[in-house]
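Right, one structure below, let's go through it.
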Amino acid sequence: MGRFIFLSSGWLVVFLSLSGTGADEGCLPGWSLYEGHCYKFFFIFKTWENAEKFCQEQSNGKNLASIEWLGKANFVAELVSQALTKTKYHVWIGLRREDEKQQCSSFWTDGSSVSYENVIRYTKCVGLNKNTGHRTWIALHCGDNYPFVCMSRLPH
């Protein structure tokens with residue numbers, strides 16, 4: 001009987017740890033949920049354009065990650081930092097500038113507006129800066145290869 005109680009409590013602990021939070025409910029396996037969007041870091045080195053294409057090919061409605069406010073910036077930085085524990089690389093996000101001289105020409109690849117800017121210097125493609133724990137943005141050459149973060153909206 002004591003052995004049965006131990007096993008049943010063990011199963012209860014396993015069940016609670018797997019279902020307790022429901023934190024990533026609605027996201028595909030391996031994706032993380034934050035504020036109605038799913039995110040996944042890919043440790044695959046691609047140019048900005050190829051990373052965006054890769055994200056779009058994952059499923060409908062996916063793009064490189066958009067970061068419209070500080071809370072989301074912190075979430076994405078933590079997601080990347082957990083994946084890159086020993087190595088440091090810049091990481092692509094979905095911000096691109098069409099005209100390097102005009103700030104208002106920036107856009108997120110998912111079409112959302114740019115209301116939160118954290119750019120160190122200006123160029124066409126933007127990534128997360130490895131030297132700040134991925135908490136600030138850095139202008140990068142679009143043809144360079146870096147890992148990246150994809151984002152998708154939750155299905156309705």
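Placed from the backbone N, Cα and C atoms, the Cβ positions cover glycine too.
Residues or ranges marked as disulfide bond in Swiss-Prot: CYS27-CYS38 (among others). Counted within 10 Å of its Cβ, the other Cβ atoms near CYS27 (disulfide bond) come to 18, all protein chains included. For the recorded site, CYS27 (disulfide bond), the DSSP three-state label reads coil.
Under the heading disulfide bond, Swiss-Prot lists CYS55-CYS150 (among others), citing sequence analysis as support. According to DSSP, CYS150 (disulfide bond) sits within a strand segment. In sequence order, TYR39, LYS40, PHE42, PHE54, CYS55, GLN58, LYS62, ASN63, LEU64, ALA65 are the residues near CYS150 (disulfide bond), counting only same-chain partners six or more apart with C-beta under 8 A.
Look at Swiss-Prot and you will find CYS125-CYS142 (among others) tagged as disulfide bond. All chains included, 24 other C-beta atoms sit within 10 angstroms of the C-beta of CYS125 (disulfide bond). Mapped onto three states, the DSSP output places CYS125 (disulfide bond) in strand.
According to Swiss-Prot, the feature domain 'C-type lectin' maps to 34-151.
Under the heading signal peptide, Swiss-Prot lists 1-23.
Ranked by Cβ neighbours within 10 A across all protein chains shown, the disulfide-bonded residues CYS38, CYS55, CYS142 are led by CYS55. Look at CYS142 (disulfide bond): DSSP puts it in coil. Mean per-residue pLDDT, taken over the domain 'C-type lectin' (34-151), amounts to 84. A separation of roughly 27 Å, to the nearest angstrom, links the Cα atoms of CYS125 (disulfide bond) and CYS27 (disulfide bond).
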